[in-house]
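> Right, I'll just put the structure down here and ask away after.
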């Protein structure tokens, strides 16, 4: 441990072996709170490399139980969170709609830290059992193409280190790891990050982890694709990483103000979700979710481009099938 700390104090990247050793010790609670705080802060100041992030994620996955084997190329759109802008749950609503369109969504997430409502909070408030056992999860997924994996059930180190991390008052490597440690190991990911400087690092980490297709985004300071500002994107495709910017015109959608996406409490997020699924949501809410669903369809080769993905999603919403789909998820999650 002393060698690892000294390397970080001198702002040196850790070797793969050192990262694996460090996170194995963290998993087994062999690192004191003082040491863990020092390590997280030193990593933050140095700047986490994509290798450190990917090896840490691999180590955590090696110790996480896999609930079932689907045999499919699963999709996740879990983001880092941490943008502090308190918007509606764009990615969670997008995952519900995408799964109602037949995409195999394995949604990894947790409760809110910086927002009014995290993915777990929203789903729980909608009536979904967020702590499904493996049998329930597999059954729900097989019948709805949607499964929610509540991160603390699979990664105890996240749960146990949460109080310490909260006291640091800063984002750490754990924010980066959250979207990378889905126990079902999705091969397609739409990953939002809280800072655009992380886009390339996270794209490289996804590539190192063996993800086939991905888009890492930061839109107007949020960890989502947005319509109110430019969305910076790094796309992983055919083992290459492409960098580009997106705006509302790329989706053939009008721009909306960020303020229209912000909410005051968790109940507002629940109502926004229900309204969107029933095709009666505010245009500003619906269209930003549609842009994110379109991106999932594009990454999954279900739409040839983003504009086609938008058209497909808007037509699907008219049927109100996503609302019926949610009711099925709720029922099966408790079965």
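The first residue you see is number 1, and the count goes up from there.
Every residue, even glycine, has its Cβ placed from backbone N, Cα and C.
Swiss-Prot lists these features:
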type: BINDING; residues: 79, 82-83, 87, 89-92, 107-115, 119; note: 5-phospho-alpha-D-ribose 1-diphosphate binding site
type: BINDING; residues: 79; note: anthranilate 1 binding site
type: BINDING; residues: 91, 224; note: Mg(2+) 1 binding site
type: BINDING; residues: 165; note: anthranilate 2 binding site
type: BINDING; residues: 223, 224; note: Mg(2+) 2 binding site
> Can you tell which of the binding-site residues (223, 224) has the fewest other C-beta atoms within 10 angstroms of its C-beta?
223
> Around the C-beta of residue 111 (5-phospho-alpha-D-ribose 1-diphosphate binding site), how many further C-beta atoms are within 10 angstroms, looking at every protein chain?
17
> Rounded to a whole angstrom, what is the C-alpha distance between residue 108 (5-phospho-alpha-D-ribose 1-diphosphate binding site) and residue 223 (Mg(2+) 2 binding site)?
15
> So how many other Cβ atoms are close to residue 87 (5-phospho-alpha-D-ribose 1-diphosphate binding site), meaning within 10 Å of its Cβ?
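Around the Cβ of residue 87 (5-phospho-alpha-D-ribose 1-diphosphate binding site), 23 other Cβ atoms lie within 10 Å.
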> Do you see any of the binding-site residues 79, 91, 111, 165 whose C-alpha is within 10 Å of residue 224 (Mg(2+) 1 binding site), and which ones?
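Within 10 Å Cα-Cα: 79, 91.
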> Around the C-beta of residue 91 (5-phospho-alpha-D-ribose 1-diphosphate binding site), how many further C-beta atoms are within 10 angstroms, looking at every protein chain?
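Around the Cβ of residue 91 (5-phospho-alpha-D-ribose 1-diphosphate binding site), 26 other Cβ atoms lie within 10 Å.
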> What kind of secondary structure is residue 165 (anthranilate 2 binding site) part of, going by DSSP in three states?
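Where residue 165 (anthranilate 2 binding site) sits, the three-state DSSP reduction gives helix.
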> Any idea what the Cα distance is from residue 91 (5-phospho-alpha-D-ribose 1-diphosphate binding site) over to the residue listed as 'anthranilate 2 binding site', rounded to a whole Å?
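Pair distance, Cα basis, whole Å: 24 Å.
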